[in-house]
Structure formats: C-alpha cells, structure tokens
Amino acid sequence: MRKNESSLTSLISAFARAYHSRYDTPLIFDDFIAKDLINEKEFIDISKNMIQEISFFNKEIAERLQNDPEKILKWVAQIQLSPTPLARASYCEKVLHNELILGAKQYVILGAGLDTFCFRHPELENSLQVFEVDHPATQQLKKNKLKDANLTIPGHLHFVPMDFTKTFSYDPLLDEGFKNTKTFFSLLGVSYYVTREENASLISNLFSHVPPGSSIVFDYADETLFTAKGTSNRVEHMVKMAAASGEPMKSCFTYQEIEHLLESSGLLIYEHLSPDDINDLFFSNRKDNLSAFETIHYIHAVKK
C-alpha cells in the first residue's frame, strides 16, 4: 500500500460485512457495527461501482439481470465479495472466544482495517486488551470514521500504527502496554498480499515475545491461487482486482509449506480448514449464492 493511501481492501471488506448484515439471511457473521463505519454515500458509491462492473464478473448475469441492479449487487456480493471476509471472521472470533476461556489476555489484530470486535463485545473491556496493528493511513481513516459514527474508543482498545508486513517491531506494542502473557493473534486477509519470506519473518517475530500456548488464526491461499478459476471465475477475478487496486497478491502455499513455515517458528497446527471444510461449517444448507471461496484455507496454530 502506498504511504498516504488507506486500504481499499479494508473498505470493500467492511462493505461486504455491512451488506451481509443488512440483506442476507441466515447470517454467517453479524457485523452490525460495520454499517456505521461505511457511510451512506460510500455504501451507494461502492454498490454502484460493483453493479457497473458486472460485465467484468459475469457477462451472462449482466445480460440476464440488466434491469435489476439490486439482484446484480446481491450476486456480486455473494459470489465475489462476501464469502471470505464473513467466514474467516466467524471462524476467528469463535477460536478467540475459546482461547479466552483458556486464559488469553491479549488480542492482537494484524491488518485490522475497519474491524469492529471491540465495539461488538463491550463486555470484554475488563478482561481482554486489544491491539489493532495497521498502516498509519488506514488507522487514521478508521479513527475518522469512529468519530463520524459517534463511537467512543473503549479503554481496552489500543491503536498501533505500523507497516508490519515490511518491518515488524514489538516496541510500539510495548509502548501501548503489551505484556509477555498468553496472546491470541489474527492475521486475516494479509498473507497472500506479502511474499513468502515476509510471511515467515512476521510469524517468527510475532511469537518471539509471547509464551507457549499463544496462538494465531490466519487465512492463506493454496498453490492453485494463480491457476484456479473458481465459481464464475471468481478466483481469477480476485487476483485481477487485487492487482488493479495496487495491492497485488504475492504468495500461495501448499499445506506442507505452511506447516514447515510454522514449525520453523515453534508453532504446531491445531486446526486446518480447507475450502470444503469451510463450506460445510459456514455455508451448508443455504438457498443463496454464498459459498466458500476456492483456494482459501484457514489455520489455527499454537506455540509449543
């Protein structure tokens, strides 16, 4: 991401969560705060943009639904935009709540974007410290949006501005009160935008300052990322959209490569969800177009 730009992917992800909360049923993940961070003008502008791009996504759907923009938007949201942000957030927060029961005291959200966890769970203010780590421009955008939405930043939420994929340092976290205690990390929608070497370095650095039992949930793209088409060519479209937005996808892994990367930093895979697993867990028995995204896997790994 360029220095003075906030992340387009954060806006699109928040839009997808807001759209799902408003218009889909049953809900995979209810981010009822996201709509407050995407103002009405942004919601309309992003909606219009997606509707206008329907020919890029699917020419047949563009023709069939040419007189029904709302159905076009629903198709784009459910096929292209929403599946991964919804399911990975649902999975991550389920794991987090289990980790809290097991004694985690800190939650570090890497690439937090417009995450709303703290605002949806005020009951955790006295038991969990939350550190949002992201590019300074993205954090400033979020702070502005929180102010516009009249949302007060809770006392347990700490903003840590850092371009962490390039140079990770614990110093800014320590300055915000981070302690050497059991910690849960999330790294969602990030791994495929950085190189293999940057992923390995980041994981190694993250777990150098936390005790055994600390863990991480992240998603990664498998080795078919740059060759798979997916439903309605959506995998190919995802790769092209990322490149066009200035945040190209850079890495993909086999399961064995991810396992080796984690083992090198002293982590064991506790749970791995393949696209089929994700589909069974989060998208079964639906009557709409939502389904797990091909090529994207979820991992929960724990420090030995």
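Placement of Cβ uses the backbone N, Cα and C atoms for every residue, glycine included.
The candidate list ASP134, ASP148, ASP171, ASP175 contains one residue that Swiss-Prot assigns to the S-adenosyl-L-methionine site with ASP163, PHE164, namely ASP134.
Within the set of binding-site residues (ASP134, ASP163), the lowest number of other Cβ atoms found within 10 Å of a Cβ is recorded at ASP163. Highlighted in sequence order, LEU110, GLY111, VAL133, HIS135, PRO136, THR138, PRO161, MET162, THR165, LYS166 have their Cβ within 8 Å of the centre of the Cβ atoms of ASP134, ASP163, PHE164, the residues recorded for S-adenosyl-L-methionine, and are not part of that set. The local packing around PHE164 (S-adenosyl-L-methionine binding site), expressed as other Cβ atoms within 10 Å of its Cβ over all shown chains, amounts to 24.
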